[in-house]
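Quick look at what Swiss-Prot annotates:
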ACT_SITE  ASP286  active site, proton acceptor
BINDING   LEU165, GLY166, GLU167, GLY168, ALA169, PHE170, GLY171, LYS172, VAL173, LYS189  ATP binding site
COMPBIAS  8-19  compositional bias 'Basic and acidic residues'
COMPBIAS  106-119  compositional bias 'Basic residues'
COMPBIAS  126-136  compositional bias 'Basic residues'
DOMAIN    159-475  domain 'Protein kinase'
MOD_RES   SER136  phosphoserine
MOD_RES   SER138  phosphoserine
REGION    1-47  region 'Disordered'
REGION    102-143  region 'Disordered'
Amino acid sequence: MRHSKRTHCPDWDSRESWGHESYSGSHKRKRRSHSSTQENRHCKPHHQFKDSDCHYLEARCLNERDYRDRRYIDEYRNDYCEGYVPRHYHRDVESTYRIHCSKSSVRSRRSSPKRKRNRPCASHQSHSKSHRRKRSRSIEDDEEGHLICQSGDVLRARYEIVDTLGEGAFGKVVECIDHGMDGLHVAVKIVKNVGRYREAARSEIQVLEHLNSTDPNSVFRCVQMLEWFDHHGHVCIVFELLGLSTYDFIKENSFLPFQIDHIRQMAYQICQSINFLHHNKLTHTDLKPENILFVKSDYVVKYNSKMKRDERTLKNTDIKVVDFGSATYDDEHHSTLVSTRHYRAPEVILALGWSQPCDVWSIGCILIEYYLGFTVFQTHDSKEHLAMMERILGPIPAHMIQKTRKRKYFHHNQLDWDEHSSAGRYVRRRCKPLKEFMLCHDEEHEKLFDLVRRMLEYDPARRITLDEALQHPFFDLLKRK
């Protein structure tokens, strides 16, 4: 029987992954500290593109930003909205796994390209013994409950630790050699020896066991949990080792978007995977580019003469979906607030209740981000988020406004928003009607934007389902092969 009660973690309030620098307090970058007036200053308007120039690489100059603007976009993603308390600690546990579960990913976040094999697994090794909880001569925790370990340590007489892939409030993820499987490299999540984290870990394990047993060959591309075990009070979950997240690939490629044929292949796999969850009465609730990992993130480097720079092109677009720590069954309690801010559906913001359609909205946001190289909803304020939606998608339906208890966002059944305020000017600069984001207007781009528009339908009852999305004309080219 699965757990019906999930553990909250009030001390987790950041969207970031382990591998990223902490971003809180005085270090937060203010939302309007950058000027969007410099965007596209070197680029021609999209209407000047001829049909023959609709190739994705040629149109990408629309998304060229100076270094400061790109750094802003990256940092902005780490500014998780206030007030969101996830049901599980696992959101950033899986974030660590998802972002740093590959060798290429580990190398990318360090100043040196060489791997430091003798580096200890955690900075906690330097803590004095007075800050440790010692259970035996060889097993120690630090004061926060993290297992103290280093390269060469062996878990369960089988998993030899090679390196640390990431660390967070909940625990850490390490890369290991599985000596029980002829030296296979795996990712092992080591959960803190703290009660609420252990309970939440077991809840996630039950979701993973359900999904993996229903789809043992990973046809539907959910990450494979190979096994789990208890290591002196630490729940350890063993995962297959994957490549970079789709977000990290974009980031390491200077925020250049994916080619449209790659978007098609990735989108189809994502829709298949999440549709599998929906048919199993689950809602993922935290879909975003960080939670979509490439099986292998190998690429070729080509010089783009138009943009005068090297750019990376994927060799293989196969993906896996990760982070099931907040996945919710239909018959379980539904927290009022779910999803990462940029991918949060309007029914969640308006506290109207949510179910599987909130995942579809998130996928729509992901696809437009793959297409542009950046998220269109760059905000951490709910009313501003709604204003961005109205700027991009048109007015919020009256019946949703009438039903919401979030009256502070509205006045006379309209969004209470001053377009002439600094926030209003920011939204006006940053956002525009959805179709104006199109890089060109050939048939395949039109089909993609039609699919995205159906996914970003305000009313969840009218939003396209994933069964329907998989039959959308945007995917016709895949079915002909």
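Heads up, residue numbers simply count up from 1 along the chain you see.
Placed from the backbone N, Cα and C atoms, the Cβ positions cover glycine too.
Here the domain 'Protein kinase' (159-475) has a mean pLDDT of 95 out of 100. The Cβ neighbour count for VAL173 (ATP binding site), using a 10 Å radius and every protein chain shown, is 30. Separation of the C-alpha atoms of the residue listed as 'active site, proton acceptor' and GLY171 (ATP binding site): 20 Å, rounded to the nearest whole number. Cβ crowding, taken as the number of other Cβ atoms within 10 Å, peaks at ASP286 among the recorded positions GLU167, ASP286. According to DSSP, LEU165 (ATP binding site) is assigned to a strand segment.
Under the three-state DSSP scheme, VAL173 (ATP binding site) falls in the strand class.
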